[in-house]
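> This is the structure I have questions about; it appears just below.
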Amino acid sequence: MANEKDELVIGGHAFTSRFILGSGKYSYDLIDSAINNAKAQIITMALRRNNTGKENILNYIPEGITILPNTSGSTNAEEAIRTARIARELSGSDFVKLEVVPDKKYLMPDNYETLKATEVLAKEGFIVMPYMLPDLNVARQLVDAGAATVMPLGAPIGTNKGLSTKDLIQILIDEIDVPIIVDAGIGRPSQAAEAMEMGAAAVMANTSMATAGNIPLMAEAFKLAVEAGRKAYLAKPGRVIEHGAVASSPLTGVSAVK
Amino acid sequence: MVLVNGAEESGVVGQTIAEFLNQRSAPIENIVVEQNGTIVHRADFDTTKISENDKLELISFVGGG
């Protein structure tokens with residue numbers, strides 16, 4: 001997964017940034033500064049009916065940024081496959097963030113429909129990045145079906161609650177050979193850093209930026225957190241002592257009054 | 001009658017997809033057109049005509065996470 005430059009490799013494409021930025025729910029005017037401050041190389045977008053013909057988000061995306069279309073709005077495999085094909089027509093690239101979400105209350109992905117869509121899309125040459133509820137068996141099946149990454153949720157979409165599924169994500173990180181990208185729920189840079197320390201290959205965030213008081217500044221904070229977490233992971237964090245303490249200063253040679 | 005994004009629209013039968021999009025000032029580089037469930041490739045916009053009872057879907061990238 002990690003090469004000499006510690007690049008993130010997805011479907012044969014290498015990225016130096018491990019922070020994937022969403023573009024939803026904030027002004028297009030801020031996309032450019034958010035991307036620059038985040039040093040993001042991948043930005044997600046959704047597909048919707050165009051009834052106005054007016055504003056074009058593509059005008060706000062800097063050169064060289066990889067567009068990662070999502071299939072949001074899809075409630076089953078068939079809809080997601082259709083959306084992915086439309087996305088490829090538009091983006092000219094094979095990347096797709098596969099989201100199949102029939103549940104309206106918690107926006108829980110349907111792992112079974114996601115797996116069905118992954119099988120079809122991977123055969124059509126898509127670089128499939130499925131969003132899923134973290135489950136080791138499903139993650140293995142997704143990889144067998146041709147998924148390029150696995151994107152487990154940290155918490156329900158848009159909640160900023162953080163790593164509610166931490167232990168389940170750790171299992172995926174430990175057992176799955178494709179990049180594990182934590183997607184959804186990450187609300188604070190500290191949570192992004194924690195995911196990266198755990199060994200996540202990348203973190204994706206949107207709402208945490210969109211609902212921040214200063215979007216570009218929060219994007220920068222996330223960039224730093226993701227980098228810090230990655231470096232900590234590579235540095236191999238030190239052990240934890242559950243009881244007692246271990247002095248970090250020498251125990252001998254202490255000067256005494258008497 | 002033609003359905004465009006689910007809404008009835010008149011006066012477009014016989015137009016090419018290119019003419020139709022031009023009339024709406026639609027940003028061509030950010031539009032995918034589905035005609036009766038089949039994607040019309042951009043290279044075919046000039047030669048593909050809209051017929052009676054067509055169902056057109058016009059889809060664009062928008063902000064999303």
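Note that the numbers count up from 1, one per residue, in the order the chain is shown.
Quick reminder: no glycine exception, Cβ is built from N, Cα and C everywhere.
Note that TrEMBL annotation is computational and uncurated.
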> A:Ala184, A:Gly185, A:Asn206, A:Thr207 bind 1-deoxy-D-xylulose 5-phosphate according to TrEMBL; which of A:Gly158, A:Gly229, A:Gly238, A:Gly244 goes with them?
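Of the residues offered, the record points to A:Gly158.
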> Per DSSP, A:Asn206 (1-deoxy-D-xylulose 5-phosphate binding site) is which: helix, strand or coil?
coil
> Just the number: how many Å between the Cα atoms of A:Ala184 (1-deoxy-D-xylulose 5-phosphate binding site) and A:Lys97 (active site, schiff-base intermediate with DXP)?
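Approximately 12 Å lies between the Cα of A:Ala184 (1-deoxy-D-xylulose 5-phosphate binding site) and that of A:Lys97 (active site, schiff-base intermediate with DXP).
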> If we check Cα distances from A:Lys97 (active site, schiff-base intermediate with DXP), which of the binding-site residues A:Gly158, A:Gly185, A:Asn206, A:Thr207 wins as closest?
A:Asn206
> Going through the recorded positions A:Lys97, A:Gly185, A:Asn206, A:Thr207 in order, which have a C-beta under 8 angstroms from some C-beta of chain B?
A:Asn206, A:Thr207
> Which site among A:Asn206, A:Thr207 has the most other CB atoms no more than 10 Å from its CB, taking these as binding-site residues?
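Checking each of A:Asn206, A:Thr207, the winner is A:Asn206.
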> Does A:Gly158 (1-deoxy-D-xylulose 5-phosphate binding site) have same-chain partners at least 6 apart in sequence with Cβ under 8 Å from its own Cβ, and which are they?
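When sequence neighbours closer than 6 are ignored, A:Gly158 (1-deoxy-D-xylulose 5-phosphate binding site) has A:Leu107, A:Ala184, A:Asn206, A:Thr207 within Cβ distance under 8 Å.
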